[in-house]
Each structure stands twice: as structure tokens, then as C-alpha cells.
Amino acid sequence: MSEANANSTTTTTSSPAEEPGAWVKLRRTIFPIRGDEAKKFFLISAIKFYIILALTLTRDTKDTLVVTQCGAEAIAFLKIYGVLPAATAFIAFYSRMSDVLSKKTLFYATCIPFFVFFGLFDLFIFSNTQHLHPSLESVQAWLPGEATSGGLAILAKIVANWTSALFYIVAEIYSSVSVGILFWQFANDVVPVDQAKRFYPLFAQVSGLAPVLAGQYVVRYTSKAKDFETSFHRLMSAVVFAGSMICLFYHLCTSYIERTEPQISLGGDGEKKSDKPKKPKMSMSESAQFLASSQYLRLIATLVLGYGLSINFTEIMWKSLVKKQYPNPLDYQRFMGNFSSAVGLATCIVIFFGVQVIRVLGWRIGAVATPTIMAALAAPFFACILMGIDNPGRLKAAVVLGTIQSLLSKTSKYALFDPTTQMAYIPLDKESKVKGKAAIDVLGSRIGKSGGSFIQQGLVFMFGNIISAASVVAVIFYSVLITWFTAANRLSVLFHAQSELNKAEEEDAKKNQ
């Protein structure tokens with residue numbers, strides 16, 4: 001009896017203790033940052049927040065300028081003849097700077113020029129475009145055949161609106177540099193592995209909050225200006241403010257880290273070199289040769305290429321339809337602002353659940369989810385275009401379907417495609433991880449972005465515009481998705497086999513010790 005009473009007493013006294021334990025466990029799952037890490041986390045998060053804020057505002061602005069002035073097809077031309085050579089030149093220049101500048105100086109030297117450009121563009125260039133732009137008629141007269149239709153007409157509009165093309169190129173370079181170089185290079189330097197497991201998923205959530213704010217700033221303030229020039233000034237004021245905040249929080253963060261974690265060096269010549277293997281610089285031919293030697297790496301490259309090509313096809317076609325629906329720049333700007341907010345909000349939600357999808361359903365389901373979603377949602381989008389968009393109702397339906405397809409394609413990429421692709425490198429040996437990722441970054445990013453633009457450029461010359469080529473685009477689009485889906489299935493088999501082999505080798509090594 002006394003034993004029963006003792007058990008009862010034990011149960012009664014331990015019950016209240018279970019509730020705070022469950023609450024603490026839930027808090028640690030949602031926000032696994034310890035008290036002494038909070039200041040560091042929020043300072044680094046603030047840098048990323050303002051980087052993404054500026055990225056969203058400049059991305060929507062460059063699209064508004066180019067699409068409304070030159071047509072969505074101009075994007076394919078600018079990516080090949082403008083962005084690609086400019087990005088190559090920038091990376092070469094950045095590599096030189098990284099050899100002579102300290103990490104902190106390199107950050108400022110990379111970041112500040114972009115925001116100086118955006119500020120000067122607003123003050124001196126955009127307000128004087130009527131004096132800087134040649135007339136479209138004079139450009140068309142200079143080109144063969146008077147360039148009144150097809151690809152030459154697009155080129156004529158780009159030349160006639162060259163300042164908008166320049167803004168587009170610089171904004172594209174910033175979008176590539178800002179997150180990949182400015183943020184992640186800094187984060188990887190100052191966040192140890194044990195912290196990274198807890199910090200990095202939350203950084204992804206921050207990435208989703210910034211577009212929500214940026215989009216609503218556009219919808220509720222800039223797009224309600226009396227004209228597009230005033231709206232543009234409001235946009236660039238916010239972009240320059242975001243750039244100032246990036247530099248401010250970077251200064252506060254580096255000062256705090258140097259004060260509290262002296263083992264992390266961000267100084268100059270005497271800084272401690274990382275023991276991590278450096279990412280090798282590989283040419284296109286060297287990358288191709290290295291990938292040819294491994295089926296596993298070729299399959300990862302196919303996944304990366306698949307996304308780069310497929311998203312390119314549907315996005316330009318969708319933006320072309322949005323321009324037809326909203327020819328006024330302020331209306332187009334308002335629409336894209338709402339879209340950016342939706343992408344940000346959906347990203348926050350989907351990233352949280354996407355981690356659980358991979359954990360519960362496995363790598364294969366996570367890997368094939370993105371091409372499956374894109375294929376299912378693109379079918380009604382293409383069907384609507386092929387039925388004809390001369391009817392206002394069908395045009396509106398095509399815009400809505402394209403918006404849903406683009407929204408879910410982007411969010412599934414962030415939540416499922418990116419994590420599974422990065423996980424695929426884990427079972428590889430050290431050389432394959434380092435060299436393989438470098439090779440895929442070279443081939444995947446360049447061919448994925450430029451390849452789709454080359455194909456679309458050819459279609460514009462053949463059909464006159466991208467909408468008229470919808471049937472051909474649909475065939476190419478689904479061919480790419482089928483190849484991508486097949487590669488993901490094959491890679492799943494190799495991924496699990498290699499993971500099991502590594503696990504067996506680790507167990508054998510433990511037994512032999």
C-alpha cells in the first residue's frame with residue numbers, strides 16, 4: 001500500500017515538471033538559439049534581411065523597366081549579351097580583390113559600389129532618360145530590315161532603352177553576388193558547424209520575411225505615386241537605405257564577434273586561414289571532364305540544369321502575359337510587389353514543412369517533388385495559352401495560372417530542391433565534394449541560365465515572340481522535366497547505396513579500433 005502511495009506521490013510531483021519540459025522542447029524546435037547566441041544570431045540575420053530586401057526591390061524594378069519597355073523576351077537577350085559577360089568580368093575582378101584585401105575590406109568594397117550605382121542612377125540617369133535614349137525609329141533604321149518585328153525588334157528596343165538594360169544587368173549581378181558572396185561567405189566564416197545546424201534553417205525563414213515587407217512597400221507606397229519616375233525614386237531610396245543598413249549591421253556584427261570570439265579572425269594579413277578545403281577554380285572544360293568521370297555527379301548536374309532550364313522557360317512566358325494584362329508600369333509594379341510578398345510568405349511556411357517532408361518521406365520524394373509540381377501546374381498554364389489569349393478572360397486565367405505555377409515552383413525549390421541537392425553531396429569523398437560542387441556550379445549556373453535564354457532567343461527569331469512559340473516551349477519544357485525526374489530517381493538509388501556503404505565502413509572502422 002505504501003509502495004502504491006509512493007508511486008502515486010511520484011506521479012503527482014513529476015507531472016507538473018513535464019509541462020515546462022514539453023514547452024522548452026517545443027521552443028527549442030521552433031527557435032533553437034541559446035541565450036548567449038541570440039545577439040550574434042540577430043545581427044547576422046539583420047544583414048541577410050536587408051540584403052534580401054534590396055534584392056527583392058531591385059529585382060522587381062529591373063523586371064518592371066525591361067518588361068514594360070522592351071518586352072519579356074528582352075530578358076533572354078540581356079542574360080546572354082549583358083549579364084553573362086558582366087558576371088564573368090565581375091568574378092575575375094573579385095578574385096583579384098580577394099587576394100589583396102582583408103575580409104572586412106573586401107565585403108565593403110563589394111557591397112558599397114552597388115548601392116552607389118543605384119543611388120546615382122536614380123539621381124542623374126533615370127530623370128534624364130529622355131535626353132540619353134535614342135529614338136526607337138533611329139535605332140530601327142540603323143538595324144537591317146528596319147527591325148520592326150521578331151528578334152531584331154527586341155534588340156532595337158533594348159538599345160533604345162539602354163539605361164534600363166544597364167540597370168537590369170547591375171541588378172542581376174547584385175542578385176548573384178549579394179546572397180552567395182556577401183552573406184554566405186561571411187556566415188560560413190563566423191558560424192561554427194554546431195551553430196550552423198541551428199542558425200541556418202532560421203536564416204531561411206528570414207529570407208522569406210524580407211520579400212513580404214518589400215512587396216507590401218511596393219504595393220502600398222511606391223506603386224501609388226503620381227507617375228513612375230516618382231515611384232522609382234521611392235524604390236531607390238529604400239534600396240539605398242537597405243544598403244546602409246547592411247553596412248551598419250555588418251560593422252556591428254564583426255565588432256561583436258571580434259570582441260566575444262577572438263578565435264575568429266576577420267582582419268587582414270595576419271588572419272588565420274581556414275582549414276576547410278578551398279573551392280577550386282575550374283574552367284568549363286575542366287568541369288565537364290570531372291563530371292564525365294562520375295555518374296553520381298552527372299546526375300546531380302542534371303538536377304541543377306533541369307531546374308535552371310525549366311524555370312527559365314515558364315518565367316519569361318508568364319512575365320510576357322503579365323505585361324499584356326498590366327501594360328502600365330505602375331500596375332505591373334503593383335502586381336509584382338504582391339507576387340514577391342506571396343513568395344516570401346509561402347517560402348516561410350513551405351520551408352518549415354519541407355524539412356519534415358524530407359525527414360518523414362525520404363530523400364527521393366523530396367527530390368522528385370519539384371519537377372512533379374512544376375509539370376502538374378504548367379499543364380493548365382500551357383493549355384490556356386494554346387487556346388488563345390486574345391480573349392480578356394483567357395488572358396486573365398493564363399496570368400493567374402502562371403502566377404500559381406511560378407509561385408509554387410519557387411517555394412518548392414527553396415523547401416525541397418535546394419536541401420535535397422545539397423544533401424546529395426554528403427556521401428561523397430572529400431575530392432568529389434569539393435571539385436564536384438565547383439564543377440556543377442560552373443556548368444549548372446552558366447548553362448542553366450544561359451542555355452534557356454539561347455533557346456528562347458532562337459524561338460523569338462523564328463516565331464516573332466515567345467507566346468507564339470508556346471507549343472514548342474511546352475515540348476522542350478516537359479522533355480527537360482522528364483529527364484530531371486528520371487535523373488532524380490536514379491540518383492536516389494545511388495544516394496542510399498553510397499550512404500549505406502559509408503555507414504558500413506564507419507562501423508567496421510569502429511570495430512577495428
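Cβ from N, Cα, C; glycine included.
Just so you know, TrEMBL annotations never went through curation; they're auto-generated.
Residues or ranges marked as region 'Disordered' in TrEMBL: 1-20.
Taken from TrEMBL, the feature transmembrane segment applies to 41-58 (among others).
Marked as transmembrane segment by TrEMBL: 74-94 (among others).
Note on the transmembrane segment (106-127): residues 54, 58, 94, 97-98, 163, 166-167, 170, 173-174, 177-178, 181-182, 186, 229, 232-233, 236-237, 239-240, 242-244, 246-247, 250 of its chain, located 6 or more positions outside it, place their CB under 8 angstroms from a CB of the stretch. According to TrEMBL, the feature transmembrane segment maps to 106-127 (among others).
According to TrEMBL, the feature transmembrane segment maps to 166-187 (among others). Remote same-chain partners of the transmembrane segment (166-187), defined as residues 6 or more beyond its termini with a Cβ less than 8 Å from a stretch Cβ, comprise 44, 47-48, 51-52, 54-55, 58-59, 61-62, 65-66, 75, 78-79, 82-83, 86-87, 90, 94, 103, 107, 110-111, 114, 117-118, 121, 196, 199-200, 203, 246, 250.
Below 8 angstroms of C-beta separation, residues 31-33, 41, 44-45, 48-50, 52-53, 55-57, 60, 187, 191, 235, 238, 333-334, 336-348, 351-352, 355, 414 of the same chain, each at least six residues beyond the ends of the transmembrane segment (199-219), sit close to that stretch. For 199-219 (among others), the entry in TrEMBL reads transmembrane segment.
The feature transmembrane segment is assigned by TrEMBL to 231-252 (among others).
When Cβ-Cβ distances below 8 Å are used as the criterion, the transmembrane segment (296-314) is approached by residues 290, 367, 370-371, 374, 378, 381, 402, 405-406, 409-410, 413, 417, 421, 424-425, 428, 432, 436, 439-440, 443-445, 447-449, 451-453, 455-456, 473, 476-477, 480-481, 483-484, 487-488, 490-491, 494, 498 of the same chain, each at least six residues removed from its ends. Per TrEMBL, transmembrane segment is recorded for 296-314 (among others).
Taken from TrEMBL, the feature transmembrane segment covers 335-355 (among others). Beyond its flanks by at least six residues, the transmembrane segment (335-355) meets 56, 59-60, 63-64, 201, 204-205, 207-219, 222-223, 322, 325-326, 366, 403, 406-408, 410-412, 414-416, 419 of its own chain at Cβ-Cβ distances under 8 Å.
Per TrEMBL, the feature transmembrane segment maps to 361-386 (among others).
Sequence-remote contacts of a segment are chain residues at least 6 beyond its ends whose Cβ falls under 8 Å from one of its Cβ atoms, and for the transmembrane segment (459-485) they are 71-73, 76, 149-151, 154, 302-303, 305-307, 309-310, 313-314, 316-317, 320-321, 368, 371-372, 374-375, 378, 382, 385-386, 389. The annotation transmembrane segment is assigned in TrEMBL to 459-485 (among others).
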Top stretch among 74-94, 231-252, 361-386 for CB pairs under 8 A with the transmembrane segment (41-58)? 231-252
Under 8 Å Cβ-Cβ from the transmembrane segment (74-94), and at least six residues away from its ends along the same chain, one finds 63, 66-67, 110, 151, 154-155, 157-158, 165, 168-170, 172-173, 176-177, 181, 316, 319, 446, 449-450, 452-454, 456-457, 460
Residues from the same chain, set at least six apart from the ends of the transmembrane segment (231-252), whose C-beta lies under 8 A from its own: 43, 46-47, 50-51, 53-54, 57-58, 61, 107-108, 111-112, 114-115, 118-119, 121-122, 126, 182, 186, 214, 217-218, 221-223, 225, 329-330, 333
